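Pulled from Swiss-Prot, these are the features on record:
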| type | residues | note |
| --- | --- | --- |
| TOPO_DOM | 1-87 | topological domain 'Cytoplasmic' |
| REGION | 1-59 | region 'Disordered' |
| TRANSMEM | 88-112 | transmembrane segment |
| BINDING | 96, 98, 101, 336, 368 | Na(+) 2 binding site |
| BINDING | 98, 439, 494, 556, 559 | serotonin binding site |
| TRANSMEM | 116-135 | transmembrane segment |
| TOPO_DOM | 136-160 | topological domain 'Cytoplasmic' |
| TRANSMEM | 161-186 | transmembrane segment |
| TRANSMEM | 253-271 | transmembrane segment |
| TOPO_DOM | 272-277 | topological domain 'Cytoplasmic' |
| MOD_RES | 276 | phosphothreonine |
| TRANSMEM | 278-297 | transmembrane segment |
| TRANSMEM | 325-347 | transmembrane segment |
| TOPO_DOM | 348-360 | topological domain 'Cytoplasmic' |
| TRANSMEM | 361-380 | transmembrane segment |
| TRANSMEM | 422-443 | transmembrane segment |
| TOPO_DOM | 444-463 | topological domain 'Cytoplasmic' |
| TRANSMEM | 464-483 | transmembrane segment |
| TRANSMEM | 495-516 | transmembrane segment |
| TOPO_DOM | 517-538 | topological domain 'Cytoplasmic' |
| TRANSMEM | 539-558 | transmembrane segment |
| TRANSMEM | 575-595 | transmembrane segment |
| TOPO_DOM | 596-630 | topological domain 'Cytoplasmic' |
| REGION | 616-624 | region 'Interaction with RAB4A' |
């Protein structure tokens, strides 16, 4: 094909969007007919002039160093995009708003000073969580790649970050969907006239079962258990049939069937990509808000609701002097927004190039934080009602944390409300949809990463690859479906994600803002949005956000969690196992760095320079003209 050099800005400007153009100021005169497979031009990403693969020798002229090259860039092979902008927003909101917003935030809030906790939570969100959230959306949208291959365009030596993210996603899928399976089991059990966790007359109940809400006079002892607690522990989990991590017992076939159904729904929701998942989230992302509103109104009308709200929001300003409160605030906002999991990179990569990801970051972050806050009212109005009925203090009712808060305390409260069957059904449906959204997102992050890394292998076999991922996650979940599976869920939740994801996110931020460069990153953002991030964002990205992550990591390492579930204290060897699981994902990063330095030719200095220099250009829409210093 004949090519003509473009020697001036005027000549470049003469060509409009839609005309074929190649980098290094070369325009293709011929326009391929529809159906023809044309070569895609690439760009230099601001570092070096990269010849266009497949072009003739006459197009491969080097440009002297320290000069400015006019570069006309084209889009690479057509990438799937969201059908509508709202599909993307709902997917991100559905991912960020998960089960943790319902059970973790309310518990952490009242435990750390009530209304006073909102101050450190807001500060950590503004200076730590939201900047990292914005960073990942911008990176994904600009480079249009998943969490593995994107590093060849940023800082190749850190490609191990993508591998670590994928391994963490597998760990999460191995236990998170089990919690959804518990909710599904509760949902199925709710289709009865009398909810099965309201009485002590079932086959799984023990002599210690005592019903608070019984009309008969009761005597509550230290060994007494509620019907809801025994339904959860002895019927759903059957944890009494396990001796601990050393003897998990057999599989619960009921939970195996539940999780098979869940993975089937997941598969048919994501097998075709964002075109299908973007439609599913219209239900799974909006339904929880309808139910939250219903439960909020119902809870507010219950006797004693005001006691729960007062307990939830009454500020204890002295708590702010404790370091643990700030650590909990930082950890909560980080895990709530979810940077570092590769999901935001994947979702944003399907956006249009000039989509306003800055606005998206602010909107979705605000929605996520507000959802957490409102969920606290939903939970504590009901806890206040329970305290009123039991004639106890709210603090006595709100002892449970984590899944127990939902499956024991809240389930018991619902069971003793008027129209309990209806509220139980909608509540557990809400939990299922909250969980499914996050699972869609987590697996899509892995799928996008692998498909982008190996396009020639999996590009036309997405359905089969997704099936393989889902089956792998199903088999990985089996250990959590045993009678002692709840012990494994707790172990994975504490160690497989916490410190590992924080460390990965810290290295990601350092790689982007210190190696790729804050100026280059801001230039990329300006190219997409038309404006450059201000000094506030730059300071947060370069210094505050990395320190924010380092603060949480150091706090975790200095005060490792003392794990206890029900009456079971985790043995020391299980804590060591937990650290090994967490390290297994993080170790991907130094392993790849070592491998990269070994296989790259040249001196050590040359190897390092090559490792931190982008090797794969980023293509942007045709017609966009960049001034690249090369």
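Even glycines carry a Cβ here, placed using N, Cα and C.
Here the topological domain 'Cytoplasmic' (272-277) is broken down by DSSP into helix, strand and coil counts: 4 helix, 0 strand, 2 coil. Listed as Cβ neighbours of the topological domain 'Cytoplasmic' (136-160) (distance under 8 Å, sequence separation of 6 or more from its ends, same chain) are residues 45, 76, 79, 166, 339-340, 342, 344-349, 351, 353, 355, 357-358, 360-361, 445, 448-453, 507-508, 511-512, 515-516, 521, 524-525, 527-528, 588-593, 596-597, 608, 610-618, 620. Counted over residue pairs separated by six or more positions, the transmembrane segment (495-516) shares at least 3 Cβ pairs under 8 angstroms with the transmembrane segment (539-558), which defines the two as touching. The average pLDDT for the topological domain 'Cytoplasmic' (1-87) in the predicted structure is 45. For the transmembrane segment (325-347), the partner stretch with the most Cβ pairs below 8 Å, chosen from 116-135, 253-271, 361-380, 539-558, is 116-135. Contact count against the transmembrane segment (88-112) (Cβ pairs under 8 Å) is highest for 361-380, out of 161-186, 361-380, 539-558, 575-595.
Fewer than three CB pairs closer than 8 A are found between the transmembrane segment (575-595) and the transmembrane segment (361-380), and contact between the two stretches is not assigned (pairs 6 or more residues apart). Comparison of 161-186, 278-297, 539-558 by number of C-beta pairs under 8 angstroms to the transmembrane segment (116-135) places 539-558 first. Long-range contacts of the topological domain 'Cytoplasmic' (444-463) within the same chain, counting only residues at least 6 positions beyond its ends with a Cβ under 8 Å from a Cβ of the stretch, are 145-150, 162, 165-166, 169-170, 270-274, 277, 341-343, 345-347, 349, 469. Calculated from their C-alpha atoms, the gap between residue 494 (serotonin binding site) and residue 276 (phosphothreonine) amounts to 33 Å. Under the three-state DSSP scheme, residue 559 (serotonin binding site) falls in the coil class.
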